[in-house]
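Novice: I am attaching a structure below and will ask some questions about it afterwards.
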Amino acid sequence: MFGVRVSVLCYLLALASMTSGTAEEENPEFWRSSAQNTLRSALGRTLNTNVAKNIVLFLGDGMGVTTITAARILKGQLQKRSGEETVMNMDTFPYVGLAKVYSVDFQIPDSAATATAYLCGVKTNLNTVGVSAAARNGVCRSQKGNEVTSILKWAKDAGKSVGIVTTTRVQHATPAATYAHSASRTWYGDADLPASAVAEGCMDIASQLLRNTDIDVIIGGGRKYMTPKGFPDPEYPEDLSAQGQRKDNRNLIDEWLSMKEGKVARYVWNKADFDAVDPEKTDYLMALFEPGDLRFDAERDHSMDPSISETTEKAIQILRKNPKGFFLLVEGGRIDQGHHDSRASMALHEAVALDEAVARGLELTNEEETLTVVTADHSHAFTFNGYPFRGNSILGKSPIFASDFLPYTTLMYGNGPGHKIINNKRPDIRKVDTADKDYVQQSAVPLGSETHGGEDVALLARGPMAHLFQGVYEQNYIAHAMAYAACVGANQEHCGVTAEPPKMGYTTSDPRSSAPDTPLCAMTTVMLSALMSVLLH
């Protein structure tokens, strides 16, 4: 065995010498100069203490640090580069912090509890949304009196325009936390309410979308929770699973339109109609592109569904007309769902798509007056491992086989559907295209759906008061810091600070609110050493 390992090591050493970095990277001055440039940029940084007129929050659902790193490499490799040195749009944000994501009752959270934290400023229990930890999962009566409001409502109460953009259904956990209060995140429509919840007077999340807060832009999926049971879907009229599900026979889409009398309100469900919406002549927009969640970006029908960059652009173009500013939540929600399926390719392509939406958002706003935040709600049991050579496909295999003499991918999961042991052996993937969008990564523990991870998530910020997001903090701090920056919510100390931004192109009190009042004023050597350690151990 020792002889085999030495032979493998010699082969890898020879291979590494042929696959090392560029000639300039072999020159130490390259790295010294790069570091000095970064240092000068840091030293030249000045604090932007303006009041944020606008806030754009990009939320990558399940986009932990490992996902960001892997997506960065994928993005570079899609551009025919090595990948590791790629700079994501979110990487350019100067202020970075870490948020602790545990919920009140669980060490590892779900998207409902975390959304309540970073949007409402209050940590809560698993599976509950828009309520405090005094509410109990699935117990309708426990939510009464324990509702908490979100920064979207605080912004609306301050006179700003508000919007949500998501790649999931608009009733899903993340967007729901902006407007709903529910003891269960799964009460999407009235057909999902248990008899006890109906008897106790709880309202489904879709109904709350119309009732609780006047949201100017609503973009995502979720048509079937808005229409009567059996109502045919306009895109899939023969698909029974796509039909309306409401038992109360209400058509919430029609109701929403009727509520906007005197305003220019548009409802669309396909890209052609969406593209025809003139932002300058539109006050309200509801765009629901699927009966449930939107398709993965890699499977998106470009003729029917716009990209997350396109929906972000339309939302900003409508919202920015308000002279008092706006709040916009943009969620890359299917990163999470790709991970739950243990399909790393899907998850990473979703993360790359979100990063492109970040770029579009920056292009359409002015950094002097717009606070832009990128973060995640939680991570996943997702690992980046082995000792792949520089430029190795991020969706590829480690050059070193495992001790069972079988290859493994550099991206894997701690648990999930990829656990397959046949005759006491893992599957042999030597002839398998692990970069395929449908490939399911192997996992250590068998589960039908891979789970979330519990480590801290990164937060990246730029714009007014972005420096408030440095350090390590509880996830619920995020809502309060954003509110302070924009002078909405409870803390009004920042209201007197104002600065006239440079001219650039498109660039009521609730007694249970967590924001009581509206504002009164407006790597070669290291790699080989590691290989030697592994092979000669």
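Glycine too: its Cβ is placed from the backbone N, Cα and C atoms.
Note that the structure is predicted; figures quoted are calculated from it, not measured.
Just lifted these from TrEMBL, have a look:
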type	residues	note
ACT_SITE	S111	active site, phosphoserine intermediate
BINDING	D61, H172, T174, E331	Mg(2+) binding site
BINDING	D61, D336, H340, D377, H378, H452	Zn(2+) binding site
SIGNAL	1-23	signal peptide
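In the displayed structure, how are the listed features positioned relative to their neighbours?
Specialist: There are 29 other CB atoms within 10 A of the CB of H172 (Mg(2+) binding site), with all protein chains counted.
For H452 (Zn(2+) binding site), the same-chain residues that are 6 or more apart in sequence and have a Cβ closer than 8 Å to its Cβ are G62, I108, P109, D110, H378, S379, H380, A381.
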Novice: Under 8 Å Cβ to Cβ from S111 (active site, phosphoserine intermediate), same chain, six or more residues apart: give me those in sequence order, or none if nothing qualifies.
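Specialist: Long-range Cβ contacts: D61, G62, H172, A173, T174, R185, D336, D377, H378.
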Novice: Whole-number Å only: compute the distance from the Cα of E331 (Mg(2+) binding site) to the Cα of H340 (Zn(2+) binding site).
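Specialist: The separation of the Cα atoms works out to 17 Å.
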Novice: Determine the Cβ neighbour count for T174 (Mg(2+) binding site): the number of other Cβ atoms within 10 Å of its Cβ.
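Specialist: Taking all protein chains shown, T174 (Mg(2+) binding site) has 27 Cβ neighbours within 10 Å.
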Novice: For the recorded Zn(2+) site, enumerate neighbouring residues of the same chain (Cβ within 8 Å of the Cβ centroid of D61, D336, H340, D377, H378, H452, site residues themselves excluded), in sequence order.
Specialist: G62, D110, S111, T114, I335, H339, A376, S379, H380
Novice: At a 10 A cut-off on CB-CB distances, which of the binding-site residues H340, H378 has the highest count?
Specialist: H378
Novice: Just how many other Cβ atoms lie inside 10 Å of the Cβ on D61 (Mg(2+) binding site)?
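Specialist: Step by step: centre on the Cβ of D61 (Mg(2+) binding site), count other Cβ atoms within 10 Å, giving 28.
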